[in-house]
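Peer 1: Residues or ranges marked as domain 'Major facilitator superfamily (MFS) profile' in TrEMBL: 40-451. Summarising the annotation, TrEMBL assigns transmembrane segment to 39-62, 74-95, 107-125, 131-152, 164-183, 195-214, 251-274, 286-310, 331-355, 361-385, 397-417, 423-445.
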Amino acid sequence: MSAPMSFSEETQESPSLDALHVLDDWDVYSRFSKAQKNFITFVVSVAGLLPTFVIGTFVPSIPQIAHDLDSKAAVVSLAVSLSVFANAIGGLVWAAYSSFYGRRLMYLWGMPILCIGSFGVAVSTSLGSLLFWRFVQAFGCAGGVSVGVAVIGDIYRAEERGTALGVFFGASLLGVALSPIIGGTAAHYWSWRSLHFSLGVWGFIEMILIYLSFPETSHPQSGETRKRKSVFNFVLINPFDSLWLLRSPNIMAVTLANTSAMVTDYVLLVPIAYTIGARYHISNEALIGACFLPSGLGNFIASLVAGRLSDTMVAKWKVKRKGIWVPEDRLRAVLVGGLLVPLSVGLSGLVTAYIAGPLGLVLSLLCLLMNGIGVDFVLTPIGSYNVDVLQSRSAEVMAAVTAFRAIILAPVTAAVLPSIEMLGVAGTNGIAAVIALVGYGLIVLTIHYGDRMRAWVDVGYTPL
């Protein structure tokens, strides 16, 4: 109880956001104590878990939902694609408006929409109502990631930002691994309706927590004249303007690298019941769900290491350059663990195809752990880099990257099983490994030519 009270007291005494442009960099990033920053990181990490649970817990419930609504599983599964689409659109909307109304208000707008959507899903009696409320639910929680990244960018300096974002991304990616297990268990032993009712309650508790104890963190950059608007002064914003940030060669290069790493994640996890499950005779849904755990564990472990390592790289190379900060130095952390991504997906295909029995299963699970570590060694430094180079529009660039990635991953997800049927596991995973290697190469190019690439197109980069 002491932490929320201290927030309230300090927030009242803090200088207004409109006046922060006259303060120096040290004052802007020193508004909150270390304990308060840890609390803010905890709150946004919990909020970042929600989108992964909203999407991930639904998939194992599809057979039960189809039975209850007297529909077909293939039709009900449309809700998954719809939620991914709603999440991408919602992320762009919440990110764009957070630049005008602040981060705190976006959470307070989004959480009630999530609650209403979750309760609507829980009481749906037809496929049409399910799809409608599913869209509302996913739209409401969409800002959890993009706005959360922006919040961390607001309160941490470049030398500290990677570690905090590592915790944030670790929590989010852990949700990707845990949500199918929780969703399957809840659907089997409880009810899919009760599960979504619980998600609504989670959103309500998060909303109360944010209302009582979460301060506004956004601040204008030096020289910026745009001020936050009153909630009663509505501004119509085109959320798709954020996608225009992708015209930056640097942002596009790291986004493609980010997406290439996630492709391997999807190639390994989406068909897991038909690859590891079928190869090693695992038919129990709970055991198949448990196969996701090594990947999530790898994500969580690597997020803490990769984030801190990226901060170390920034500080180390800044000293080498005698105080000159170059944002691309953070990407050097990707070089340390990024090669695990193509290596793990390639080895997994070979192991699954050619090694049977318990040894093959153990090696396959180790490959998933290795991939989880490698993917986070790519995602965490890249996420921090995006905030570094576009701090004033960090929520928008994160939303744009997420939307672009969703556009790419949607057809990839649909193509995985047909590819396995046509080319086999080894062939499909081999293609994913090559894609990941290309992404790794883009990181190398960005590290060496990042300053020239930024000079090609200026999208409002953070001043160096």
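Heads up, residue numbers simply count up from 1 along the chain you see.
Just so you know, glycine gets a Cβ as well, placed from its N, Cα and C.
Annotations in TrEMBL come from automatic prediction, not curation.
Remember, it's a predicted structure, so these values are computed and weren't measured experimentally.
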Peer 1: Apart from its near flanks, which chain residues at least 6 from the ends of the transmembrane segment (397-417) lie with a Cβ under 8 angstroms of it?
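Peer 2: Same-chain residues near the transmembrane segment (397-417) but 6 or more away: 81, 84-85, 87-89, 91-92, 94-96, 145-146, 149-150, 239, 242-243, 245-246, 251, 255, 258-259, 262-263, 266-267, 270-271, 274, 383, 386-387, 390, 428.
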Peer 1: Do you know the mean pLDDT across the domain 'Major facilitator superfamily (MFS) profile' (40-451)?
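Peer 2: That region's mean pLDDT is 87.
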Peer 1: May I ask which of the stretches 107-125, 131-152, 164-183, 361-385, 423-445 has the most CB pairs under 8 A with the transmembrane segment (74-95)?
Peer 2: 131-152
Peer 1: Restricting to CB pairs under 8 Å, which listed stretch, 107-125, 131-152, 286-310, 423-445, is in contact most with the transmembrane segment (361-385)?
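Peer 2: Stretch with the highest Cβ contact count: 286-310.
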Peer 1: Taking contact to mean three or more C-beta pairs under 8 angstroms, with sequence separation of 6 or more, is the transmembrane segment (107-125) in contact with the transmembrane segment (164-183)?
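Peer 2: No; fewer than 3 Cβ pairs under 8 Å.
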Peer 1: Out of 39-62, 131-152, 251-274, 331-355, 423-445, what stretch is closest in contact terms to the transmembrane segment (195-214), meaning most Cβ pairs under 8 angstroms?
Peer 2: 39-62
